[in-house]
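Chemist: What follows is a single structure, and I will ask about it in a moment.
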């Protein structure tokens with residue numbers, strides 16, 4: 001995993017989501033300024049930048065999680081498959097089934113492992129029978145590379161798993177609603193290196209089915225898992241392009257400073 | 001010397017101690033206070049504390065113990081034949097005390113002490129004299145009782161005099177001892193702080209002493225009761241029919257039934273409304289509504305239970321009777337289990353909602369985010385993630401509310417009725433444990449009869465019930481909080 | 001993932017399931033909102049019921065009489081010797097009032113409807129004669145002069161003007177007749193019966209079953225005030241001392257654990273159990289007098305302590321550790337750090353908690369019933385400290401005893417007393433809120 005695999009980066013150029021002129025205000029705080037980004041299909045996109053640069057804020061715009069923050073105000077345009085997700089006719093509930101999310105700290109519900117994964121399919125009514133639901137749970141857990149570890153104790157509480165397992169359970173939970181885009185907000189920051197490696201490997205496999213957007217603090221991680229990288233600084237998108245290009249020949253001096261460790 | 005005057009004297013002595021201690025400390029270093037171990041005020045405080053505190057402590061203990069001792073002595077002077085039929089030693093002793101206090105009044109009005117010796121032998125004259133002094137006695141005074149009263153009065157006076165002597169002696173001793181110890185090397189601050197620490201510890205044990213007092217008084221008097229009335233009948237009998245004069249049946253079940261029935265209705269009202277209100281206010285309501293509704297519910301919580309009782313008696317009771325019970329032909333009484341239950345439910349709404357509010361807010365936001373992130377609606381999140389996560393805490397809150405419902409008194413006294421019944425009809429008047437505690441202990445009843453003492457056994461039952469519920473609830477809530485900390 | 005593709009629809013057109021889910025969401029919201037509404041409605045009904053029933057207690061109808069205080073009748077000796085004057089009973093004064101009433105009706109030309117003198121007197125409170133006698137005895141110089149005297153109307157007449165008593169109900173009433181009420185109406189039309197603010201409701205002592213119009217809250221307010229003084233003087237220092245020990249000094253061990261659990265449980269012990277404690281300990285064991293504010297004050301202190309301790313500990317806890325460290329750093333002892341720095345900073349919170357604790361104690365009635373404060377007390381207690389041992393009533397208990405009386409006029413008084421009680425509570429809570437707003441520090 002240590003090589004940058006620059007040669008493998010054969011990516012589709014089809015944009016799954018596109019953001020134009022996105023601004024976010026939290027109360028009086030202008031948290032995100034005029035961001036334009038295209039998220040490509042079947043690609044891992046990494047958002048990097050120092051703390052408070054707006055990368056998580058932007059991520060939360062993509063599935064309208066900012067709606068749950070009372071003081072947040074989002075302007076600009078974000079489209080998914082050509083449809084404006086901030087259109088008043090769009091139900092955020094339906095949107096979030098298509099744009100799944102994995103959070104910084106593993107947050108399994110205080111329920112059994114099975115119920116954790118089955119939660120999404122149940123509320124969206126994705127399955128017609130118990131057998132079908134069992135199938136979805138199994139395939140999701142397999143995709144999250146957790147099946148072999150938990151198949152004998154699906155009824156055990158999800159909170160009883162180790163940190164890395166919990167995070168993979170959360171990924172399985174998000175995968176179970178068969179999203180088209182998967183957002184990951186620093187998914188490895190609460191994990192140890194071994195668990196981190198497992199999750200990173202998983203992200204690479206998930207790319208086959210969805211486009212993945214990952215916010216990360218770690219430039220090595222961005223380099224390891226992503227094909228595209230966006231660098232945020234002080235609420236603005238500084239530079240966006242192929243991961244290899246960003247890390248080897250950044251155009252903007254701020255990007256270079258960050259990558260070489262001078263700001264952060 | 002009265003207690004007030006004695007206290008005043010002790011305070012004066014203490015103030016004097018402060019001045020003397022301070023002056024002596026300053027004098028011992030010839031005014032250069034830098035050579036003292038502590039600030040001069042600490043030397044003063046030390047003397048003042050050693051003067052006042054032991055003396056006041058002695059006074060307190062003396063005042064508590066003296067009546068018990070004197071009573072034990074005087075009660076021996078009353079022979080069994082002096083106690084009239086239907087009376088008791090306790091009643092005679094209260095006569096003794098009243099006569100003694102009447103004599104005090106006479107003495108204040110200038111009756112010479114020598115006169116009292118004569119009066120004790122001439123009980124008719126004593127009775128008229130006492131009537132003048134405002135102490136009216138029903139029957140003629142038994143000579144033994146008069147004698148006992150005279151002795152009682154003398155003993156009290158002697159006791160008071162000795163108290164004054166002892167307290168003042170202790171205060172002066174403390175004063176001198178502490179004042180002598182004032183030298184520049186004396187670590188006054190440390191001693192004073194140690195002293196204060198002892199006082200703080202004493203204050204913090206008041207709470208424990210209260211509990212001990214509650215348990216002792218309940219157990220002690222219940223034990224009296226069970227000597228007069230078989231415990232088996234109390235716990236197993238299904239009838240409650242006290243008859244003053246003997247032959248009562250005092251089964252607790254009708255009262256327990258009423259208590260549990262009223263509490264159940266109260267919880268049926270309070271839990272859904274309180275819980276939903278808490279959920280709405282913490283998950284949905286905008287800041288505007290919240291800023292109005294929360295204080296309004298707090299007002300509801302701050303209203304004393306007598307107000308709810310009056311509300312039950314004057315508004316809810318007649319309303320339920322005229323609009324529900326009578327038209328349906330199932331009851332004709334304005335006080336009923338339903339009346340008390342509904343009003344108690346209203347009282348518990350803010351209690352349940354504020355407890356649940358705390359508990360719902362303790363559910364981490366991450367869980368909500370996880371659910372929203374999967375595309376769940378807010379109500380799905382509440383019902384399927386927040387509520388199950390908060391369930392243990394909410395159960396704890398409901399138990400606490402149940403304990404309050406069981407122990408509530410004024411609402412049921414005014415709203416539930418007084419008839420002990422085992423009935424299923426909620427529109428009938430029934431009674432509860434707390435109502436009967438009140439009715440058995442108010443009014444002029446003889447204290448030693450089972451009909452009165454049963455109140456203590458009821459109180460003990462009530463205490464055990466509510467304590468059990470509370471301990472369980474506190475345990476559950478504590479476990480719940482630890483889970484999310 | 002086969003059905004995933006079948007599920008995909010446009011974001012812009014919600015599918016049937018989403019519509020159903022959103023409907024469920026709205027229903028849930030409505031249920032929540034109606035729960036809040038129900039709570040607020042209960043508060044509104046409760047308050048309006050109390051106000052509706054009780055406001056009229058602050059009004060009283062009375063008759064202004066001009067009474068010549070005849071020396072021959074009131075003080076035959078003419079020496080103004082109070083002892084001799086006291087021999088004239090209320091019956092004598094009653095006659096004076098009766099004559100004055102008769103005169104007034106004659107002068108105003110109001111038709112008495114053929115009512116007998118005794119029936120005329122039935123319009124006035126039975127308390128009127130006693131009031132007049134008291135006034136004369138208090139100031140013997142009045143004898144021989146002519147005084148105007150506000151005689152309270154009888155409770156039924158009062159109730160008639162407040163709508164509680166009707167001509168219909170008077171037919172079934174042994175205490176008043178429709179003819180008397182008609183006369184009262186004529187008197188009111190002639191301006192002889194007036195309604196005014198009822199100060200006596202706040203100052204008079206309780207009155208017997210037959211004179212609801214003269215029953216007041218004087219003794220109850222005094223009794224409650226005495227108890228609050230005792231509660232404040234005892235529970236504030238003890239509570240603060242206990243909290244300082246537990247929060248700042250106590251080592252963590254079994255004993256302090258026990259105290260903590262104890263305090264939490266004590267806060268939840270039913271108030272009636274405290275009443276039992278007071279009865280067994282203070283009255284039966286220590287022999288303190290029944291119905292006395294001192295006993296009530298002591299038991300309310302024990303009940304208030306946990307509240308004060310919990311509030312005080314919370315506000316001590318909110319003082320940042322840095323303040324203690326800073327004081328210790330310049331060489332202050334632990335006690336000095338606490339008493340010079342931590343305690344003053346925590347004081348607003350402590351006072352707020354204390355006021356709220358006092359407010360709860362003020363409204364408490366159950367334990368007071370058991371220590372005999374329901375007794376009928378007509379004499380004001382003396383000034384403290386002796387007065388602490390005199391029989392008295394308390395506001396909430398007075399409400400309870402009035403609800404136990406048969407005459408509906410007492411129900412009005414009970415609600416009126418509740419209004420007074422709530423005004424006191426409102427004031428205390430407002431003070432607490434202002435204190436909190438004014439002095440609250442955010443660290």
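In case you wondered, yes, glycine gets a Cβ from its N, Cα and C as well.
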Chemist: Quick one: sort out which of C:156-178, C:179-201, C:294-316 is the transmembrane segment according to TrEMBL.
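Modeler: Here TrEMBL associates transmembrane segment with the stretch C:294-316.
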Chemist: Which stretch, out of C:337-359, C:360-382, C:383-405, is listed as transmembrane segment by TrEMBL?
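Modeler: Going through C:337-359, C:360-382, C:383-405 one by one, TrEMBL flags C:337-359 as transmembrane segment.
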Chemist: With TrEMBL as the source, which of C:31-51, C:52-72 is set down as transmembrane segment?
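Modeler: Of C:31-51, C:52-72, TrEMBL gives transmembrane segment for C:31-51.
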Chemist: Determine which residues of the chain contact the transmembrane segment (C:414-435) at the Cβ level, with the cut-off under 8 Å and only residues 6 or more beyond its ends counted.
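Modeler: Residues 50-51, 53-58, 201-202, 217, 220-221, 224, 348, 351-352, 355-356, 358-359, 362-363, 395-396, 398-399, 402-403.
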Chemist: Could you pull out which residues elsewhere in the chain have a CB under 8 Å from any CB of the transmembrane segment (C:294-316), counting only those six or more residues past its ends?
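Modeler: Residues 223, 226-231, 234-236, 238-240, 242-244, 246-248, 263-264, 266-267, 271, 274-275, 277-278, 282-283, 288, 342-343, 346, 348-350, 352-354, 356-358, 360-361, 364, 367-368, 371, 373, 388-389, 394 contact the transmembrane segment (C:294-316) from elsewhere in the chain.
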Chemist: How about long-range neighbours of the transmembrane segment (C:217-246): same chain, 6 or more residues beyond its ends, C-beta under 8 Å?
Modeler: 201-206, 256, 259-260, 293-294, 296-298, 300-301, 304-305, 308-309, 312-313, 316, 338, 343, 350, 354, 357-358, 361-362, 373, 377-381, 384, 387-388, 392-395, 397-398, 417, 420, 424
